[in-house]
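Structure, as structure tokens:
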Amino acid sequence: MKRRCVEVDERALHKMIGTIIDPERLEDDCAVIPCGDGRLLVASTDMLHETTDFPAGMTDWQIGWMATAVTLSDIASMGARPGQVLLAVGLDRPERLRGIMEGARDCCARFGAELVGGDLDAHGELTIVSTGLGTVEAAQIVRRRGARPGDIIAVTGPLGEAQAALVGYDRHWKELLEPQPRVREGMALARAGVSAMMDISDGLALSLYDLLGVNDCGFSVDTARLPLPAGVPEDEGRELALYGGGDFELLFCAPPGILPVAGVDVHVIGEVIRERVVLADGEPLERRGYLHEWGG
Ligand SMILES: Nc1ncnc2c1ncn2[C@@H]1O[C@H](COP(=O)(O)OP(=O)(O)OP(=O)(O)O)[C@@H](O)[C@H]1O
Ligand SMILES: Cc1ncc(C[n+]2csc(CCOP(=O)(O)O)c2C)c(N)n1
Ligand SMILES: [Mg+2]
Ligand SMILES: [Mg+2]
Ligand SMILES: [Mg+2]
């Protein structure tokens, strides 16, 4: 939530969590758990609330879909195959449950996962926590750490569409409300040998800073190369693409030689550099995006 006087944001609180659990655990979109014979389990859990995540006019089916899609997107970002999803629903009105569950089931089915459990509670504000499990060969997992100078930086699709819908570009309403996790793309990119990957839930700029936080190199993007939301004037589109949240495309780095990757829409937007900074058109990029904040 945006507040005028910001004292703490979620990234600062993550640092505190890293004094309580192993900080390396916080470096990726999912927790990574060995499960024998060279395979890894990846697990993600994400909480969404009516007031901050479910815009007015969204159907209950779309709410269930979105809550599931955000978690499958984290699994995709590790190059993993989604397996199971559990949905915990803090329900404000009982008649909403069927639509929410059907949306979650349909999103699971679309991306090869199965809805296998969850929890149910009465709650003043509709709140949904989705938990997803996936699996990946240890040799194939992709983490946020691993970028190397000279790698290209790329994304899997247009940026800023969800935020464009929020500021009134109705043609992007469906992209905002029914995000499509890049599950097939994540697995194909992992097989192709990308060096680092994450999803862009909080906007490109914050995501680049997340990569900066766990790599020993920097990230330089060329704003003229950003895939912009259709139907938006270019300057505004660039602003939405850099700082808007809710897109759920994959952001990755890769040795240039692995491109193209069959069946994946790849937009190269920049290059990994030696200096530990995030640059846009050669200037330091503002660290701003969809960030939960607590103010005084
Ligand atoms: N309260 C917490 N306790 C332990 N680990 C946490 C906590 N919150 C986040 N993490 C871990 O920190 C890492 C990053 O989490 P974060 O929520 O920033 O990523 P994300 O789920 O990809 O982003 P978003 O929530 O915007 O979709 C993940 O590995 C997550 O499991
Ligand atoms: C009012 C409103 N603003 C933005 C969005 C897009 N959106 C959906 S999930 C998410 C981030 C990940 O969530 P979190 O970081 O809370 O896990 C974002 C930015 C929306 N649906 N509604
Ligand atoms: Mg993520
Ligand atoms: Mg999260
Ligand atoms: Mg977030």
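Every residue, even glycine, has its Cβ placed from backbone N, Cα and C.
According to TrEMBL, the domain 'PurM-like N-terminal' annotation covers 28-136. The predicted model assigns the domain 'PurM-like N-terminal' (28-136) a mean pLDDT of 98.
On its own chain, Asp29 (Mg(2+) 3 binding site) has Ser44, Ser73, Asp74, Ile75, Ser77, Met78, Arg144, Met198, Asp199 as residues at least 6 apart in sequence with a Cβ closer than 8 Å to its own Cβ. Under the heading Mg(2+) 3 binding site, TrEMBL lists Asp29, Asp74, Asp199.
DSSP classifies Asp29 (Mg(2+) 3 binding site) as coil under the three-state reduction. Look at TrEMBL and you will find Asp29, Ser44, Asp74 tagged as Mg(2+) 4 binding site.
The feature Mg(2+) 1 binding site is assigned by TrEMBL to Thr45, Asp46, Asp119. According to its DSSP assignment, Thr45 (Mg(2+) 1 binding site) is in a strand.
The Mg(2+) 2 binding site annotation in TrEMBL covers Asp46, Asp74. The Cβ of Asp46 (Mg(2+) 1 binding site) lies under 8 Å from the Cβ of Ala67, Val70, Thr71, Asp74, Val129, Ser130, each on the same chain and at least six residues away in sequence.
When secondary structure is read from DSSP and collapsed to three states, Tyr290 (substrate binding site) falls in the coil class. Summarising the environment of Tyr290 (substrate binding site), the number of other Cβ atoms within 10 Å of its Cβ, over all protein chains shown, is 19. Residues or ranges marked as substrate binding site in TrEMBL: Asp53, Tyr290.
Neighbour count (other Cβ atoms within 10 Å of the Cβ, all protein chains): 22 for Ser201 (ATP binding site). Among the features that TrEMBL reports, ATP binding site is placed at Gly118, Asp119, Arg144, Ser201.
If you draw a 10 Å sphere around the CB of Asp202 (Mg(2+) 5 binding site), it holds 23 other CB atoms from the protein chains shown. Reduced to three states, the DSSP call for Asp202 (Mg(2+) 5 binding site) is coil. Here TrEMBL flags Asp202 as Mg(2+) 5 binding site.
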Asp199 (Mg(2+) 3 binding site) CB neighbourhood, other CB atoms within 10 A: 27
Distant-in-sequence Cβ neighbours of Asp119 (Mg(2+) 1 binding site), under 8 Å, six or more positions away: Leu86, Leu87, Ala88, Val89, Val129
Proximal but sequence-remote residues of the same chain as Asp53 (substrate binding site) (Cβ under 8 Å, at least 6 apart): Met66
Chain-mates of Asp29, Ser44, Asp74 with C-beta within 8 Å of site centroid, Mg(2+) 4: Asp28, Cys30, Val42, Asp46, Thr71, Ser73, Ile75, Ser77, Met78, Gly132, Asp199
Among Ser44, Thr45, the most crowded of the binding-site residues [Cβ within 10 Å]: Ser44
